[in-house]
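Undergrad: From Swiss-Prot, for reference:
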- Cys245: active site, nucleophile (ACT_SITE)
- His330: active site (ACT_SITE)
- Glu332: active site (ACT_SITE)
- Ser45, Gly218, Gly220, Leu246, Gln249, Asn287, Gly289, Tyr290: L-glutamine binding site (BINDING)
- 170-357: domain 'Glutamine amidotransferase type-1' (DOMAIN)
- 1-169: region 'CPSase' (REGION)
- 1-166: region 'CPSase' (REGION)
Amino acid sequence: MKRQLILEDGTVLIGTGFGGEIEKSGEVVFTTGMTGYQETLSDPSYCGQIVTFTYPLIGNYGINRDDFESIHPSVNGLIVNEICDHPSNFRNEISLNDYLKERKIPGLAGIDTRKLTRKIRQYGTLRGRLCNMDADVEYIVSQLKATVFTDHVKRVSTKDPYPSPGRGHRVVLVDFGMKHGILRELNKRDCDVIVVPYNTTAEEILRLSPDGIMLSNGPGDPKDVPEAIEMLKDIIGKVPLFGICLGHQLFALASGANTSKLKFGHRGLNHPVKNIATGKVAITSQNHGYAVEEESVENTELEITHVALNDGTVEGLRHKKFPAFTVQYHPEASAGPEDANDLFEDFLTMIENFKKEGEELCQNA
């Protein structure tokens, strides 16, 4: 079955269709991960995107029940050079092709993914549509140019609060499109977690008496989530806070800094990040299309703690006065290296120190 990818600039790439027999549009991006395709397609941060894999063979270990980062996949399509039809792994339960058919997600194989990746790197991310061969190219191009992809966080965030009980510190996890890996890391440390929707107010969060607040990853432009920015303005300084990815960007906006869209984003499992204070470099998992503008941090109460070695963009922030820090990358990995996993320990240490300071103030009052 032939299928084509039509880009907003009129480029047409023809290959072999697999997965769902459905047409879908989305922002065409690329990821450099050699493995972790199951985590990628189930990562809510990819909501509404058509993901191109630069690694030439995808699907060789199939799909299993353990590696999902969300219950429902949020990607709008997959593009690969070659898909493996006969996966081999002791955990395999279903092939990638069959899984995409079940979930009605279209795929395209047999195209030059290196050519497509170079195009995205040169011109930036492009809107595109995976469609059948009888599609009207001119009409689709006109539709793509007029399309604006918004409200992704609203689509992937939980609709209702729910608990993930533990005996340790109570952490309110604000879900902007949370990967399950973040929740797993908190559960490992016996945190008493309450997951809340993206539009939960500061008053509602504080009513839960949290020891700490965690801001999850999520898709899209952080400026599309004004409710969260307003919530954070009222939260910062009252409770220890740790943010990841979109949570990092929202924290920056709430603190007076600015964000902007990257040309082609950071998506992959091998991005080097430097800790400015120690000089140490961690290899990190990343997935974001926006970043905090370095110059916008200068007139705020924030300091830059980490930078990307590939392009110098901001990868970490810390508040100068209050117990709050954030990172642009994914310390929980899932998939990817676990070089930065100790940030969860830093968060819990910050909570304990904040509690001790509060107890000392009460004793001295």
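Residue numbers in this text run from 1 along the chain shown.
Glycine is treated like the rest: Cβ placed from N, Cα and C.
Worth saying up front: this structure is predicted, and the values here are computed from it rather than measured.
Distances, neighbours, how buried they are, the whole picture for these features please.
TA: The DSSP secondary structure for Cys245 (active site, nucleophile) is coil.
Taking Cβ-Cβ distances under 8 Å and a sequence separation of 6 or more, the neighbours of His330 (active site) in its chain are Lys179, Gly181, Asn217, Ile244, Cys245, Thr284, Ser285, Gln286, Asn287, Gly336, Ala340.
Within 10 Å of the C-beta of Glu332 (active site) we count 24 further C-beta atoms, all protein chains included.
Residue environment of Gly289 (L-glutamine binding site) contains 20 other Cβ atoms, counted within 10 Å of its Cβ in all protein chains.
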Undergrad: A 10 Å Cβ contact count, applied to the recorded positions Cys245, Leu246: which residue has the minimum?
TA: Cys245
Undergrad: Where does His330 (active site) sit by DSSP, helix, strand or coil?
TA: strand
Undergrad: According to DSSP, folded down to helix, strand and coil, what is Gly289 (L-glutamine binding site)?
TA: strand
Undergrad: Taking 10 A as the limit, how many CB atoms besides its own sit near the CB of Tyr290 (L-glutamine binding site)?
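TA: Excluding its own Cβ, the number within 10 Å is 19.
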